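Summarising the annotation, TrEMBL assigns transmembrane segment to 16-36, 48-73, 85-104, 116-136, 148-166, 199-218, 248-268, 328-346.
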Amino acid sequence: MKRFNEFRKTDEFDNLLASIFAIIFGLVFGFIIILATNPKNAIDAFGIILQGGFYHGIFGLGNVLFSATPIILTGLSVGFAFKTGLFNIGASGQFMIGAFTAIYVGVNWTWLPPSIAWLVAMLAGAFAGAIWGMIVGALKAYRNVNEVIASIMMNYIAMYLVNFWMRISTFDQVYSRTIQPKNAYLPRMGLDVIFPKSSINIGIVIAIVVAIVIHIILNKTTFGFELKAVGYNRHSSKYAGINEKKSIILSMAIAGMLAGLGGALLYLSDVGVYLNASYSILKEGFDGISVALLAQSNPIAIIFSGIFISHITYGGSNLQLLNLQPEIIEVITAAIIYISALSILLKKFIGKFKKKDKEVQ
């Protein structure tokens, strides 16, 4: 009890309450929308959303974890950049570059044994994402180009480049999509026994481990402290002896690596996920922004935030059973993120409430 009372006084507790309030508000808002459009099935529909993956038992839960993997990593990408004072809106571009690179290695490097091909392809995707993020970091560090503008432009450059590279190297002309990287499928490591017939693979384990590593880097290392110091005040950190240009580039490189890893893990699965020839930016990067905002950029919280978003999205896909459009989940998510973005106001409200509670005591 003493430990809990101490936790209540921390910023982490305020962040947790702010996120819970945002989720409750988003769900209530979504229920009101459903009630207005289909009052007859509103309660049943809301129940399906809350059930999420559990609607289909262990099978559905496995699919939720599979879908959560890429958005946990893009969430970490955005959250890591936030923590170091940068806004990485280019996670989608880094995600696409990482996905294509992983597919390319998996399809063309057939001389690699399958036991290590997936690992090489995954690392190649992460490295490609890091290079893509590093470009934005270099522009910010040396030319003071706003990272938001630069990363948006890099998203579109990535989209067109991936379409071009895909058509000349890994393209299936019949289906207008990439060839499957059969030599580099991610292993399931027994997870298919726990979650039978689902799409789950080792990707979710990798995502969780990476989140823990990022948490340690940011909070327990000198390197992480330096990156955050540059984010808080670039000029002051320079006078403290920190190489601010190097820190900015490394921050964006790590953010890009995380997004690229997410792309690699999604498209190295053996469940029919393909990179299609289309001129639209993949949404996983933007989903990562939602995940990071909901989790207040906390790496550990991002794990749960990603699973939650995946959970209600899976539930939304079942709304068609009641003649409702699954896009209602987008409305709910938008409401949650809108409130999460107002977390500063929520924290002030929580702070006042705690102050009154303390005065009463």
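For all residues, glycine too, the Cβ spot is worked out from N, Cα and C.
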_Applying the under-8 angstroms CB criterion, which one of 16-36, 85-104, 116-136, 199-218 scores highest with the transmembrane segment (248-268)?_
116-136
*Return the stretch with the most CB pairs under 8 A relative to the transmembrane segment (148-166), choosing among 16-36, 85-104, 116-136.*
85-104
*asked:* With Cβ-Cβ distances below 8 Å as the criterion, list the same-chain residues six or more beyond the ends of the transmembrane segment (85-104) that contact it, or say none.
replied: 70, 74, 77-78, 121-122, 124-129, 131-133, 136-137, 140, 147-148, 150-152, 154-159, 161-162, 165-166, 169-170, 178-179, 181, 184, 228, 230-232, 234, 248, 251-252, 255-256, 259-264, 266-268, 275, 281-286, 288-289
